[in-house]
Amino acid sequence: MACLSPSQLQKFQEDGFLVLEGFLSADECEAMQRRIDEIVAKMDVPLHCRTEFSTQEEEQLRAQGSTDYFLSSGDKIRFFFEKGVFDKQGNFLVPPEKSINKIGHALHALDPIFRCVTHSHKVQALARSLGLQMPVVVQSMYIFKQPHFGGEVAPHQDASFLYTEPLGRVLGLWIALEDAMLENGCLWFIPGSHTGGVSRRMVRTPAGSVPGTSFLGSEPIRDNSLFVPTPVLRGALVLIHGEVVHKSEQNLSDRSRQAYTFHLMEAAGTIWSPDNWLQPTPELPFPPLYT
């Protein structure tokens, strides 16, 4: 079981994040990595959908490329790519398996290996110890952080993209499938930054618009001295409050930094914003965590 102790719960409430080392075994990590290798080996992405992923605001809006490919990925398993991996015709400049930034956004629902991890007894026990009554899974991602050029993730709050009313209802679970160290792009947090609300939001634009999203508000300039690095070993789980500010640096090392991450929402008494880029569909309503 993975229940939090009172001291762990207090630390999460104070800092907005919490590291749980050894949450998954090496065998559990290897099973997900083997499965993702199989998924990548069968990758078939049309030229017009080869969408580079970025969290820099202007680049992000440009990089969506195929608006529908991104906006309709919530109930599918789709591929998003690093910058600079395609030529002007959309052909790969690097081996395809080294080109991927992430795979999202419904591994938790559509793949049995990832569904099993997401709904495991350990995850359910963790959610219960956090007091979640009706948690649902809203999205999932497999993040590669490729060696030598795995892109940085700029400072952000997850609730900017997954907005709810009231706030404080979104929780990220980030699982290291490889050691995540300073050299290969571990997570960095500003402890206690989850108490000041959300500075900006990414919202859908009217149907047919290109790009399909825009930003309301702006990300303030953050004091870099406030960020604390959070290196973790393979198998660790990092709990991430939806409003805590976090980032990761570019991976310039020769080691990847693979991770599986998914987001929960407390559905009881919560409104999922209809302006969010991600929306439940008739084919895939947000599945309850508790089974």
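Cβ coordinates come from backbone N, Cα and C, glycine included.
These features come from Swiss-Prot:
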- K102, M141, H156, Q157, D158, W174, S248, R257: 2-oxoglutarate binding site (BINDING)
- H156, D158, H246: Fe cation binding site (BINDING)
- T55: phosphothreonine (MOD_RES)
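D158 (2-oxoglutarate binding site) falls within a helix when secondary structure is assigned with DSSP. Around R257 (2-oxoglutarate binding site), the same-chain residues at least 6 positions away in sequence with a Cβ under 8 Å from its Cβ are I143, F144, K145, G150, A176, E178, D179, A180, M181, N184, G185, C186, N251. In the three-state DSSP scheme, R257 (2-oxoglutarate binding site) falls into the coil class. Counting only same-chain residues six or more apart in sequence, the Cβ atoms lying under 8 angstroms from the Cβ of H246 (Fe cation binding site) belong to F17, P155, H156, Q157, L187, W188, F189, I190, I240. Neighbours of the Fe cation site: apart from H156, D158, H246, residues of the same chain with C-beta atoms within 8 angstroms of the site's C-beta centroid are V153, P155, Q157, S160, G172, I240, V244, V245, K247. Residue annotation for 2-oxoglutarate gives K102, M141, H156, Q157, D158, W174, S248, R257. The furthest Cα pair among them is separated by 21 Å. Sequence-distant contacts (6 or more apart, same chain, Cβ under 8 Å) of M141 (2-oxoglutarate binding site) comprise K102, I103, G104, H105, L107, Y260, T261, F262. When secondary structure is read from DSSP and collapsed to three states, K102 (2-oxoglutarate binding site) falls in the strand class. Here the binding-site residues are Q157, S248, and the one with the most other Cβ atoms within 10 Å of its Cβ is Q157.
Applying an 8 A CB threshold to same-chain residues 6+ apart, the list for W174 (2-oxoglutarate binding site) reads L187, L237, V238, L239, I240, A259, Y260, T261.
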